[in-house]
Every structure is written in C-alpha cells, then in structure tokens.
Amino acid sequence: MADVNSTLPPPQDLDPTHQAPPSGLHDKGDARAGSSPGRWKEKYTPAKPDPWVQRKFAVGILIALVIWSFYVVVGRICAPAIQRQSAASWSRATGAGTMVGYVVLWLLFAWSYLKMLVTGPGFAKEVRSRHALKLMLEVVPKTSAPPVEPLHPFIQYNPPSDSMALPPPPVPPTAMQQPGTMREPARSDHPRDASTSPESDPLGPDPSMLAPITNAVGSALAPHASHQMSSSATLATQRPPTSMSKKGKRGDLESGDQLQRPVPRVEFGPRWCRFCEINKPDRTHHCRHCGTCVMAFDHHCLWVGLCVGWGNHKFFMVFNMWSAFFCLYILVTCIVYTSKSTANTDGQVVALIPVSALFFLFSAMMFGSHVYLVITGKTTVESFRGRDQHEREAEVLQQEFGILWHNFDKRRVRKRWKEEFGGVPVDGRWRFGTAGQMWKQDMGESWWGWIFPVGRPLGDGIHFQSNPHFGPNGEWLRKQDWPKDLQ
C-alpha cells in the first residue's frame, strides 16, 4: 500500500465495513438488509465485541472451580484435622499448617486473577483518539490552510456543440497506465530517517479518505505485481524459482547452490484497520472477539474473557506463575491425604486430583512458553511467523529435491541460507538486546513486579525498539545488507 501523507481524516459517512467492495473483492459476511441473518451478522461483526455472556462464560467456570477447591481443601481436609476428626489421622498442627499455606496461595492466585480481569490489554483506538486530539491542539495552525492540490491531475473536457464532429481529446500520458501495474515511488539508496518519515509516528493523523480504498485496491493488485520484486528485501510470498532444469531434476546435486530462500512480504505504509478506522501501530492486531485493535496483541484468553496485550501481559505472566503453584499445592495435598486415609476415601478429594493436575500442567506450560517469548522479543502471534517460514522453506526444498531424497543437500542449503542471513530468525524483528533487557521491557524494572501483580511494563505500547538487523519496515535483511558496524 502506498504511503499516505495527507492529514485529512476519512469522511464520517464512509464506513469501510459496509461499503461495496471493489471488483473482485467480496465480503462473505455481508447479508441483505432487512433479513434476520443479516441483522444478526450486523450485530456481531469483527467491529463489535462478542456477547458479554459468551466472553465471560469461562470466567464463571474458573471462579466456581476455585470456590470448590477452597471448600474441599479447607472444609473437608484441614477443618476435620484441626478438630481431630481427620480420616487420614492428620494432627492438628498438620491441618493448620496445610490450611495456612493454602490460604496464602489462594489469596495470591485471586489477587493476580483479579488484576488480570480489571486490566485492559491496551486498545489502540483509545490511544489513537487521545493522540489525535493532542496533535490537533499543537500542530494545526490558527491561520487558514492553503488549498490542497489534487493528487491526480486531470484535464477537464468540454465537448463541442456537435459532439460527433470532433473526437474527444487524447488522454494525457501521465494518466495512462497498463492494467495490472502500479506506479512505484522513487527509491532512495539511503535509509529513511525516522524523524522525518511519515511512518515514524504510527499514531499520527489519520490517512486521507482514499486510505481504505487504496488498501483494498492494493491488496487486489499485489498478486499481479509481487513477481516483479526481488532483492535482499524480497517482498514476494510465493516460492522463488528453482534453479534446476527439467533434465537434471532431482539428479543434479549442485542445483541447490543457486536456490534462493523464500522471504516473507513486507507491508509498506500505514496498516489501515477498516473496522476501527485507524492506522494500526506496529505489533497491533485486531481481535474479532473484543471487536477492537489491541496493542502488542498476544492472544485472546478464554479464562479471563479479554485479550492479552501490551497493557496486561506482565500480569498474565504473574497469574500463570501463581496459578501453577496454587494447583500444584492442591494436587500434592489431595494425593497425600488420599494415600494416608484409613477410612472411606472422600470422593470430592479424589475428584479434585485430576482437575488440579490438568490446570497445573496448563499453567506451567503456559508460563514457560511465555517466558521464552518474552526473552526472545516475540508475542504468540509473531511466533507463528517462524513456523510459517519453516513450512515455506520445506516446500521449496521439497520441490527442488523431492520428499524422501537428498536430505544431505537439504541440510546444506538450509545451512547456506542461515549463513546468508547471519543466523537471525525471521521472527526476531523486536529482539533488540539481551534476554535481561527483553525481560525488563515486558515485566518492568523492579523485581517486585516480577512476582506480584504490581507495576507496569516499559514504553507506551506504540513505539518499540527494533532489531538493527531488520529494515525500517521489517525487511528481513541478508548479512551483506546489514549496517557496516554489524557485519
């Protein structure tokens, strides 16, 4: 999509979610006005959140399970032991100590869970509105602005009295373009300065009224123009052409020496969200369950009924940590109590064992995976980029060498690809420093906030320090294209 420098906001009557799409682009979610399915789809669209009951249903289930566990551990295990009526012959001290440990973990779990429920992930639309108002007060001059020249020059044609006497005037050469091609802006050999680029502030003024249309048309024309682009910042998503001829297919072991690595396409210019009607900042994605764009979007969590993003990811980490400790404590307590029970085994204690084991495994695995994501500078959504890249590379190698043969040559090609890009993974755009620096960016400076649900992450959720091994627009650069001091 071309860069849009206009500061004019889109017209209020232009609704990208309801306007007729360009030719060849059809929205499958559209329905005829007046019909019952159409009204339902209009009520529940990606621009609007899911029903409140649907989003918070799992929250009620989790709260019920926590209350039930409190009843089982305190009421059926610890209280009888304190009263010296325990079926497991527990002493009063054992029952009291077990109850104190459980209550402490229960309070920490409840505190972190409540913090997750009341802390939003950071909605780009709200920050965008505040930033736009600030710009209007600081930047807009008090004098009247000069008239804006049209983006595309045109010549007005006035037909003569006899319209059949003369043919219409010729079309200016500047307005003639072959179908399926796009006019490319002049390229500069020097990287853009972030301070002067219109992309430097993703929360800048809205694009012009042509932004939604330009986005749709650009998406339609991209497949026709993508095959013309190739360099170290290749933008094509399709497979690169293989180097082997038909005669030497799967037989020439040297054919992989010229095989180029598939590189993901890069989106230039502002990323327009047609649902929120804003330019999405870096790492921002639209959640169709919440009906809005979330800054540094990670995923939509079923157990909290909202998204996990920049504003609450650190609390999500703390919640999973205390959840794992809490469930492990319940699991060990129930197993020990059941193994030492001399009378009839309590069915509710037995039923709590698999439930606590399941949630312990889930919380521990979730916490461990997100620790890895934090120290590598990725979100869950961004981590899929590496998986997709591996699948594309496997497809290219399979086409070149076959499925079951030339495994040594496949490894040799992968090694060459890795050396060409300096070993930097495709999903490492936002990893700018050490693991400790990445951890502090997400979890905060104070170790107190790493354990308890307090504090806030660093930054503003809009601007992120980028990996210098990537281009200004996220291009995955070869090592030869890195800055001189990094080569």
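A Cβ is built for glycine as well, from the same backbone N, Cα and C atoms used for every other residue.
According to TrEMBL, the protein has these features:
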COMPBIAS  184-193  compositional bias 'Basic and acidic residues'
COMPBIAS  227-245  compositional bias 'Polar residues'
DOMAIN    269-384  domain 'Palmitoyltransferase DHHC'
REGION    1-45  region 'Disordered'
REGION    159-261  region 'Disordered'
TRANSMEM  57-74  transmembrane segment
TRANSMEM  95-114  transmembrane segment
TRANSMEM  315-337  transmembrane segment
TRANSMEM  349-375  transmembrane segment
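Sorting the domain 'Palmitoyltransferase DHHC' (269-384) by DSSP state (H, G, I as helix; E, B as strand; all else coil) yields 61 helix, 18 strand, 37 coil. Beyond its flanks by at least six residues, the transmembrane segment (349-375) meets 65, 68-69, 72-73, 76-77, 298, 313, 316-317, 320-321, 323-324, 327-328, 330-331, 334-335, 337-338, 383, 435, 438-439, 442-443 of its own chain at Cβ-Cβ distances under 8 Å. Sequence-remote contacts of a segment are chain residues at least 6 beyond its ends whose Cβ falls under 8 Å from one of its Cβ atoms, and for the transmembrane segment (95-114) they are 62, 66, 70, 73-74, 77-82, 86, 304, 315, 318-319, 321-323, 325-326, 329-330, 333, 452-453.
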